[in-house]
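Step one of this worksheet: look at the structure below.
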């Protein structure tokens, strides 16, 4: 109640009013007794003393002001008010913002055009209206229309109603600016709001037919708008609101204010007639850009046609940047002169048109004169449809006056069209083709940016001219230069602030081309708060903008790890988690990230608030063989590495030195910057995959170090998401995107193999510290990326592991024979028969180094063929090292295991069949073959325990899961259990032959 009373007081303080016709003026070309306000003498102007002898009806002369205008709510819940046509725009602004409390818009979009019934193709209509609503929703825009339920406004209302039905939480501010006197049953709105007249409905039932009958000049309101401004100039059934819509948009948007950042305004023109031409003219004069919808018909198509016909005016370098007022007036009873007059052109038998321009602009005048005839003809054809039926059926005696009036209207429209087509103004007109694949939001964005760009240029020119003028009259040149510098700095900041505002709109609509061309212009110095813009691009999944920001040199380190937080802070990832892993993003239905987060019993929503949460999620999704990636501080990271005996960051593997950097401090700082850069790009890539922002991940992958491993991790995450998803397009997209990243990794490793096959093999086997000390082959195996593992490079890498220091020969049969000889000679002949990896010895003073040890690779490293030195003789050392490494090769270990297992099976069978006897008093001991069998099986158990301990998993639970996931290992475990149960029974419960059967 207090709020309503406060609103009532605030409304009364505005002192709004409306107009009522108080003097009768006979309307021209109308029946006797009809006033210029379109009301009959009876019963509105019965007193003769209020009659005026004026010939033209004017609002200021023939109306009076009335207070307490009608206001309230319409049946659809929309707010409305009645107010005079000359109400100051400032009062309307207070009404909208302070009393109606409409949120301030980030865009004002005025839609005008067809006010009669017209039909678009269903597909074009749907695409166009979806584009309008998309722009409005994405930018918190105001939609401003005439509010009548006809033509393009009717389509807008249907689109708004569709959004209300499908997305009830989304609100669209749609303001109808109409005429009070043209709204059907306007006065019934007053009655519907009056509590004292609740029961008047029963008294007016007899007049329902009269009320519901719509007269010429009346329109129904489109009832899906949220607000209505019903302008009243005292007339009845008259749509004309002059240029009030334009002036209100200019005032609210602060377009002409020096010290305000203006709100972008744009006008959309669909089809249309004479009123649409006037609206285009008014808006262009007010520097409001106009987008015409080509393909919608009439005026929109007319402007598209003439923009092409007069394309020569697009070259603004030939013409001054001055908007000339052009007045085309009809001249009656024209008699052509004998000499050619360059200013005139005969167009009909009765009337010709003169184009009045500045006398010094003869060239400009002559260019327009050659188009004038065809321009007038096309325009006349379009505007014929706007003639009222009453004028068409006018009394023949009045035909002369009607024709004169028609020619005057045509002249005015022609004047407005020529103004719009002149070189300095036409750039404000932009064309959207309904039949093209262009996005309406991109065209709107371009139109707004071009308008602002032109404003900046004009403002700079005015400032320069003003400075030059002042410098001529000022004696203090130094003071003048200082003031000029301050003013230039202010203009630059103002320009950058407006560009930042336009950039946000471009990001809302994802218009990267317009942003690159008209806002950023290849420099981030043209905008303010670039870090905030980059964050918004990340959060709103705008990969093209993220790419552009990165290309222009934005540094994500400074955004997420500012003020040395990375090395010296105690909460390194606070800002990163706060902005990118917020509650809304984590619980979106476009990703299955929340399925891998442990839920809080007190909340149904999943949260990520610490680095431990992130590490747990990655461990759950990828596997606990990956070391932690996220730490709160540098000390915590170093402690963790020391605990797990991880090597420090290796300069050769992960970083490089710049020999040109002479200062040690600069070298350390550069290395630190590289470390931070590697970390943040890795973190952003993993975030994009976890959030299922695939296009964003593709962009970030270009800036990530160790892309092959990153791509394989992406396949693992997406496949885990695929396993969790139930059905539908999202599940299919998970697998599709996983296949994309696998193919990306395949393409990368294949290209590496073309350049250097040995190094490519090392890449897939390298332990990558940046990703938790995992290898590419390890991730690929865990993710079941079979196509990647099947690449020649991976096959060769696995061969290198299999043969170790032994070089695999192309001739397989010969190679196997030599290996067999070496095997059966217990490796003694291997150094003479088997080919080993090539060893490149160092100089006498420089020993051979383990080139790949820092990467976790000791396969195919020839270091162990040379070292250690057992004795001084080099040949003997090499022989002994080759014998040792021959036995260490996995191939030889497999052969030994195979031989041992065959012997064990024979021994075990022999014991069970022949020497497995129950102990007795006469023979209490067991046979030596049984003892040997027990020893063999115990050794196998020890080997199985060794295998379990050295699994890649870091946690005991992870090792257990990995072990039991292998069916063969489960069978092994059951075999050991049964064996030792049998062994216990063999000695503890074998007193009789029957009991001994269980042990057997």
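Quick reminder: no glycine exception, Cβ is built from N, Cα and C everywhere.
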Of the residue ranges 426-458, 459-491, 492-524, 525-557, which one carries the region 'Disordered' annotation in TrEMBL? 459-491
Top stretch among 816-836, 926-949, 970-991 for CB pairs under 8 A with the transmembrane segment (894-914)? 926-949
Model confidence for the domain 'TRPM-like' (531-790), as mean pLDDT, reads 87
Under 8 Å between C-beta atoms and at least six residues away from its ends: which parts of the chain pack against the transmembrane segment (816-836)? 805-807, 809, 862, 865, 878-879, 882-883, 885-887, 891-892, 895
